[in-house]
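The domain 'Glucose-methanol-choline oxidoreductase N-terminal' annotation in TrEMBL covers 111-134, 314-328. Annotation source TrEMBL lists FAD binding site at Val271. As annotated by TrEMBL, active site, proton donor applies to His570. Residues annotated as active site, proton acceptor in TrEMBL: His613.
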Amino acid sequence: MPSLGTFILLSLSFFNIALAAPKLQKRGVTTSPTSVNGKTYDYIVVGGGLTGITVAARLAENPSVTVLVIEAGGDDRNDPRVYDIYRYGEAFGSELMWNWPTDQGRGMIGGKTLGGGTSINGAAFTRGLNAQYDAWSNLLEPSEASVGWNWQGIWNYMKKSESFSPPNSDQAAKGAQYISSYHGYDGPVQVTNPNQMYGGPQQGAFINTMVNLTGINHYKDLNGGTPNCVSITPLTINWRDSDHRSSSVMAYLTPSESQRTNWITLTRHLVTKINWSNSSGLPLTATGVNFAPASGGTTRYTAHARREVILAAGAIQTPQLLQLSGIGDSAVLSPLGVPVRIDLKTVGKNLQEQTMSQLGAGGNGFNPGGRGPSNVIAYPNLYQLFGSQASTQVNRIRSSLASWAATEATTSGLSASALQQIFQIQADLIINNNGIFLFISAKMRGSLKSLAPLAELFFNYGYPVYVELTVRFRTELCITLSPQYFGFGHPDVESASFQSWKREDQKPTSIWTFKLPRHVSLDVSLPAPPMSSLSTGETIPGNAVPDNANRGSDQDWKNWIRANFNAVSHPVGTCAMMRRNLGGVVNAQLKVYDTANLRIVDASVMPTQVSAHLMSTLYGISEKAADLIKASWP
């Protein structure tokens, strides 16, 4: 019997050109460190994941510059665990993955392979709320507003990366829709619906049930900055290539690999330190990096950078590398014997992650009508989650920002004043509409279009016999601590996720989010048509959270969530793009404060989470960053 699926949650003379940009003797991808050891490149990119490959590809479009990418993982493009979307999950726990342990045993994971997470993820292609991106500008200096870190400025770059294929007639008949202006059609990343998209009753039933139950809108397309809806969503797959993943490496490197002799990628090597030209004084100028085999050992190699070093190692590895290179909190680095070059207190702090748990129910034998993958998601806001109880939660959020900021300041590395400003921006996105405080009735819940969703419900058929829910906290904080193991060890990660539930907004949000699936019909005793007709009843958590008129007691849900939650592995914020007095690590040009030529281009610069999977946003950030870098070197 099938199961009912899932809510988952530059003009120079010829002589000068020859000196500045020598042809590489070896092109493409290599594992040989001697190919690059002691050589000089215009740009060194640390990390060959989504952002690193994207930035490198765009910089290498100029044949007069040279680019080196160093990636710890291998070139696994021919591994079916990488290219076959239907084998999603098989890479987990393998050599293709990073596994960063946390203090609570809930490890965060990442792709340790060329392409990074885009080579092993579920390929969901979504974008956050437009106002969430606009809010980033409010965290920068007023003089930096013209850089364009806002929705319109980033959305255009998201579309630049995208080659969207609209639904064909069969996919349209199964519910796939789109809005043409929301997409790009000339970019490298292939985006479309799966050829074997589900056509059975389950995805449509989920949509209709969510609309009936919460008042949420059913949108044709959520990729125009309006994710507060339920919608069929596309995936980063290539229909011209048997629906194989369109990862960053397949999109940006593979098509040009044999032509561009000015770009080389070294795999299976890890950067261990950034080198500086000046022994004292600021700003620091990066001259290159030291690197070593990712397998370990004491051998070290060096590559030199003529222009810039660009960190694209992700929200966990990038701050660790900064700390190993002397940039970070002196209170952390000095006791470990690391010479402090820049005392930047918030490096590795402000890590914002999301959590998820899995709920499930049995199916009644319906025909799923295809192979999938599943591609329907709901993003409810506070009012849709809480209904008649929303005003209570709004009042709690509104009256508690100062106390929450004071509590978080004791461990976050940010001041209480800074945190309160950040929390206020986030609270406005959650509870306000165009700056007006809202109290709304259940009948009005579907009409609110500018509120940030609080949760993601990802419906998936038949994996394995449960539903999964991603709970997104707008202000959930973690802290990356010191790099206790130098060179190859993992950084210590201390997580605040549910550790004490010290912020009162977290308890009810998570509990009510997990109660919702029962209302959606996982428990047939309270039908919420039409989903209820497909379910034989809840299996997870089942009796672990006894049902009652309130869909289970708050205490039982709290106990179950704390015992069963996992990290979503969408970490951001550890090198945030913010004003320095707010706790920022990089400015609007993505340069690390007090450095001349060190930039960061990865999820660590995102100052806050967005209500979306991170892929499209990070492609937009990378494309924009490439243009900022190019403009610095005309």
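For all residues, glycine too, the Cβ spot is worked out from N, Cα and C.
Bear in mind that TrEMBL entries carry predicted annotations, made automatically and left uncurated.
Annotated features, which come from TrEMBL, shown on the structure.
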residue : record                       : Cβ neighbours (10 Å)
Val271  : FAD binding site             : 28
His570  : active site, proton donor    : 23
His613  : active site, proton acceptor : 25
Distance, the residue listed as 'FAD binding site' to His570 (active site, proton donor) (CA atoms, angstrom): 22
Sequence-remote partners of the domain 'Glucose-methanol-choline oxidoreductase N-terminal' (111-134) [C-beta within less than 8 Å, at least six residues beyond its ends]: 8, 29, 47-50, 52-53, 71-77, 79, 81-82, 85, 88, 91-92, 95-98, 149-151, 154-155, 158, 191, 222-228, 233-237, 245, 247-250, 253, 265, 267, 314, 373, 375, 377, 429, 450-453, 458, 569, 608, 610-617
Inter-residue Cα distance where the pair is the residue listed as 'active site, proton acceptor' and Val271 (FAD binding site), in Å: 27
For the domain 'Glucose-methanol-choline oxidoreductase N-terminal' (314-328), the mean pLDDT of the predicted model: 96
